[in-house]
Amino acid sequence: MGLAGAKNKRKLGNDPNNTKWSRNTDTFGQKILRAQGWQPGEYLGAKDAAHAEWHTEANTTHIRVTLKDDTLGLGAKRNNGDECTGLDAFQHLLGRLNGKSDEALEAEQKVRNDVKLSLYIQKKFGMMRFVKGGWLVGDQVKQTPDEEAEEIPDSTETSEAPEPAAVESKKRKADRRSDKEDDKLGKKEKKSKKRKAGSEGDVGGEGGQKEKDKKSKRRKTESDECEEPAVTPKTAESLDEASGASEAGNTKNEKKDKKRDKKEKKERRDKKEKKEKRRIEKAAAESGAETGDSISEEKKRKKKEATSEPSSAPTPTDSNSSTPTGSGYSTPIPTGSSRYLARSRFIAQKKMAFADSAALNQIFMIKS
């Protein structure tokens, strides 16, 4: 309705603290609780419950509800300007300037960090009191300082006990290794017996098999004695050939690089020569056009002077005078911006000077 609507005013003079609603006993909830056997001043819940002994006056007070009108977490409080941000860093800087030791500065910084952490925990989770787990479960603490002193020598005895155990474990490992070696020797003997039996059965190929066995034994002994192969003359020759081939390859690569450099230099020279030729041709064409125009204009001027009647001597004029109207020639003036705009202006001025006889007399310093 806006300003034209009915105005409902509430006066708080009768209830300035707004506690009338909490003292009202005629509400719907009060009636239901009384119907269930509850009376004002009693606790909620079963009277014979196991946790009834923990009930306090807090169970009789009202549940306080606050309106959450921000996006902060539950229990978070806004910064009302109580904390001065950057003060700890400033104090650290002052301590360094005053010549405090690093240990003292670290201790002060640790205290500041602990205070910050406690404030953060208090804002985030509220007040927290840590209790030992034994008390929560119901354990009983029986340990005393005398018992701790008695337990210390027992620990030394237990530390001495593992030494013989370690010796026994070493003996067992040695026995296992000896058993494994015996098994390997037995297997080798069996294999050698089988080979001998096969050699006796094959009468015709006894000599060949013996020679093969001897060769294989020689190869094994040579491989065991010398781990690295000896350098024979053949291997030395092969190494020399490989080195020579590598050197030849290097020389070939160098020659190829030189040829490439020469080709690149020639190409660059050819490009420069072509550019110079083009520039010279352009300059010659421009100069030829200018000379041709000037010659034709002079011829026409002489013909006109011969045919025209003798008149009074021409009055001297400025070099900047316009072109004569009767010449019949006009210099084209470029309208747009071009690359040779300044050049074209210079050429036009030259043409105007050649067309005007008075200007030519002034240029060649001839008195008429």
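Every residue gets a Cβ built from N, Cα and C, even glycine.
In Swiss-Prot this protein carries:
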COMPBIAS  15-24  compositional bias 'Polar residues'
COMPBIAS  176-186  compositional bias 'Basic and acidic residues'
COMPBIAS  187-196  compositional bias 'Basic residues'
COMPBIAS  257-277  compositional bias 'Basic residues'
COMPBIAS  310-337  compositional bias 'Low complexity'
DOMAIN    25-79  domain 'G-patch'
REGION    1-24  region 'Disordered'
REGION    144-337  region 'Disordered'
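For the domain 'G-patch' (25-79), the model gives a mean pLDDT of 81. Each residue of the compositional bias 'Polar residues' (15-24) gets a DSSP state, and the totals for helix, strand and coil are 0 helix, 0 strand, 10 coil.
With DSSP classes pooled into helix, strand and coil, the tally for the compositional bias 'Basic and acidic residues' (176-186) is 11 helix, 0 strand, 0 coil.
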